[in-house]
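As structure tokens, the structure follows; a few thoughts come after it.
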């Protein structure tokens, strides 16, 4: 049975697209069949996944029945079980209807083990469309006041707007991104416990702030493929395994700079 | 180097945490009842207006949320009737203001 995961946050720029690409790739790296679907208002997932020049048909073509799902799915060049369904760059976003999205998700469920929906920012129609058909939500939050507040609103929305016909509450997980253990240690950034306390969601993972994330998106490769040994890639891979139900101990990022660099104020890695 | 300055100002993260906790408690309460209050206000008003003239602006609906039980308070100010005859049959005890209290069990 396929799992439909919505990656959401409320606030823009916290790492939803990066997370969708990295989690999708990490799941596919374990051999699972994964479709990553871009619901975002502006098309970016294809760029982060390095498939921007291969997009011919997008999600709207499929929901409207202009083309078949198989014609619009783009297979990843590095992982053969990873597919992308791109968002429309130019066409009217109101063209996405609830029925159309329901049909596409139902069809994706038949073919894939995982459907990862990259939700747009905001709490308007686009993001509720993406969350309505999901089984699981990953709430992406930066340890920063505006992001935490918007995540709280999205959590309220997840409870209210999801397919209540199923009569169950959606499984929700918290993914903290851009976590900087040095700043958190100094008391200049909300720490992991603060964020969990405030949002009261189970923790799926902590992605440390890292140059590797930017480097991977520069190259158009999910960080879990581009540098699997890097700290953010390992954190994403662990998060993916937790989504699969495995019991992986949480790796809390720590300040790894030595006493020397602390004393002389060198930038921590 | 905080150990040299024990009386330094508070860490910004703890200020952030406290501000968020206050704000979100407020926002969560507002969200849960965003539909309930206007709906109740409208329906109770309609029911009362059948019998007495009510100024729509003089109606207050508020909810005090508690752990076990929440208190819904509806204050409807009923004006002294300029023409008492019209009200005689319906309600002689009309006062300047009357409040009705209903206790409703909390939403959660």
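Cβ atoms here come from the backbone N, Cα and C positions, even for glycine.
Annotation source TrEMBL lists domain 'CobQ/CobB/MinD/ParA nucleotide binding' at A:5-223. The feature ATP binding site is assigned by TrEMBL to A:11, A:12, A:13, A:14, A:15, A:16, A:17, A:18.
Secondary structure at residue A:11 (ATP binding site), as computed by DSSP, is coil. A helical conformation is recorded for residue A:17 (ATP binding site) in the three-state DSSP classification. Taking the binding-site residues A:11, A:16 in turn and counting surrounding C-beta atoms within 10 angstroms, the largest count is reached at A:16.
Mean pLDDT of the predicted structure over the domain 'CobQ/CobB/MinD/ParA nucleotide binding' (A:5-223): 92. Cβ contacts within 10 Å of residue A:17 (ATP binding site), excluding its own Cβ and spanning all protein chains shown: 25. The binding-site residues under consideration are A:13, A:15. Their Cβ neighbour counts within 10 Å are lowest for A:13. When other Cβ atoms within 10 Å of the Cβ of residue A:18 (ATP binding site) are tallied across all protein chains shown, the result is 26. Other C-beta atoms found within 10 angstroms of the C-beta of residue A:12 (ATP binding site) number 14, with every protein chain shown included.
Surrounding the centroid of the Cβ atoms of A:11, A:12, A:13, A:14, A:15, A:16, A:17, A:18, where the record places ATP, the chain contributes additional residues within 8 Å, namely A:9, A:19, A:121, A:140, A:177.
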